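Listed in Swiss-Prot:
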COMPBIAS  332-344  compositional bias 'Basic residues'
COMPBIAS  345-360  compositional bias 'Basic and acidic residues'
DISULFID  Cys106-Cys183  disulfide bond
CARBOHYD  Asn9  N-linked glycosylation site
CARBOHYD  Asn13  N-linked glycosylation site
REGION    318-373  region 'Disordered'
TOPO_DOM  1-32  topological domain 'Extracellular'
TOPO_DOM  60-70  topological domain 'Cytoplasmic'
TOPO_DOM  94-110  topological domain 'Extracellular'
TOPO_DOM  130-152  topological domain 'Cytoplasmic'
TOPO_DOM  173-194  topological domain 'Extracellular'
TOPO_DOM  221-246  topological domain 'Cytoplasmic'
TOPO_DOM  270-287  topological domain 'Extracellular'
TOPO_DOM  310-373  topological domain 'Cytoplasmic'
TRANSMEM  33-59  transmembrane segment
TRANSMEM  71-93  transmembrane segment
TRANSMEM  111-129  transmembrane segment
TRANSMEM  153-172  transmembrane segment
TRANSMEM  195-220  transmembrane segment
TRANSMEM  247-269  transmembrane segment
TRANSMEM  288-309  transmembrane segment
Amino acid sequence: MAADLEPWNSTINGTWEGDELGYKCRFNEDFKYVLLPVSYGVVCVLGLCLNVVALYIFLCRLKTWNASTTYMFHLAVSDSLYAASLPLLVYYYARGDHWPFSTVLCKLVRFLFYTNLYCSILFLTCISVHRCLGVLRPLHSLRWGRARYARRVAAVVWVLVLACQAPVLYFVTTSVRGTRITCHDTSARELFSHFVAYSSVMLGLLFAVPFSVILVCYVLMARRLLKPAYGTTGGLPRAKRKSVRTIALVLAVFALCFLPFHVTRTLYYSFRSLDLSCHTLNAINMAYKITRPLASANSCLDPVLYFLAGQRLVRFARDAKPPTEPTPSPQARRKLGLHRPNRTVRKDLSVSSDDSRRTESTPAGSETKDIRL
């Protein structure tokens, strides 16, 4: 890639600071007009297909809801909305940063990108916390793993993300450059310092904190799963090995999609005001543009993750009749304070052990069959 960098007031044709306003260097970004249309097109097709299938299973085949399935449903809704908006960006970048649509539509497309990004992060965090409770505190997970609690948490996530991303609708704008109309993904020059401050707050609140929570949850889960059970010898059981692989896969995908994007975007915004060489700034700009498709790819990877982690959903898609979920035993209900039947100590220990093993598939209860956004 030829650098071909010149000062901001250069008169040759090209793009300045990629597709942003107020930058001092001109970048040759021919790679972007191939990379972004192709990658967004693939994400659009795969994301829509996978998430539509997931929504069909959730709405038409799944009869019993728990916390994990509730969070996955909302995750699929968010991914579907974002994938449906990608054809506009495919057209935009294929035309060489020309936006023939309205400014309102430009704002909406950028808003959907960030809304999907942070909804995915927060819903993955909710799923991680729920799984962590299921491994570390099975009986507490039995009580708090019901869909009615998860629906309330999901509603809070939507309200929080929509409120936090509402300023994007104010900052994002369009501008005319010769015969082209550019749809910026930041702000106008006079508002850029405010946009950087806003983005820094979002970085900490909606990425750094959830990522730390997910990391802690999966470290605790891995320690518990890798610890041999009392009185056993040899390697890990097959179920535990699969759980450990799932943990590693979730962390890897999370880091692949979200971490590079946030790191390069932070550098991209921070270095714009510094007196660095255009070659250095060009490298940072290129890295940021390359990680944007990675952030979008979570719309395709989310369904794969929860299909792999939740084999019950695969069985629901394959079988004509979903399997009947087990109900909490009287002993487990007694420990949760629901009622206190008299049982022998031996039977109590036996059933409690069974409950701990099946915590992951705890039913949400009869009142959780209706799902509301």
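Backbone N, Cα and C define each Cβ position, glycine as well.
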Report summary line: Beyond a gap of at least 6 residues from its ends, the CB atoms lying under 8 Å from the transmembrane segment (71-93) belong to 32-33, 36-37, 40-41, 43-44, 47-48, 51-52, 54-55, 58, 99, 101, 105, 108-109, 112-113, 115-116, 119-120, 123-124, 126-127, 130, 150, 153-154, 157-158, 183, 296, 298-299, 302-303, 306, 310, 313, 371, 373
Report summary line: Listed in sequence order, the residues of the same chain lying six or more positions from Cys106 (disulfide bond) whose CB sits under 8 Å from its CB are Trp99, Val172, Thr173, Thr174, Cys183, His184
Requested in this report: Grab the pLDDT values for the topological domain 'Cytoplasmic' (130-152) and give me their mean, rounded.
Outcome: 82
Query raised in the report: Under a Cβ pair cut-off of under 8 Å, which of the recorded stretches 33-59, 111-129, 195-220 contacts the transmembrane segment (288-309) most often?
Result: 33-59
Report task. Please give the sequence-distant neighbours of the transmembrane segment (111-129): residues at least 6 beyond its ends with Cβ less than 8 Å from one of its Cβ atoms. Result -> 67-68, 71-72, 74-75, 78-79, 81-82, 85, 150, 153-154, 157-158, 160-162, 164-165, 168-169, 172, 185, 202, 206-207, 210-211, 213-214, 217-218, 250, 254, 257-258, 261, 295-296, 298-299, 302, 306
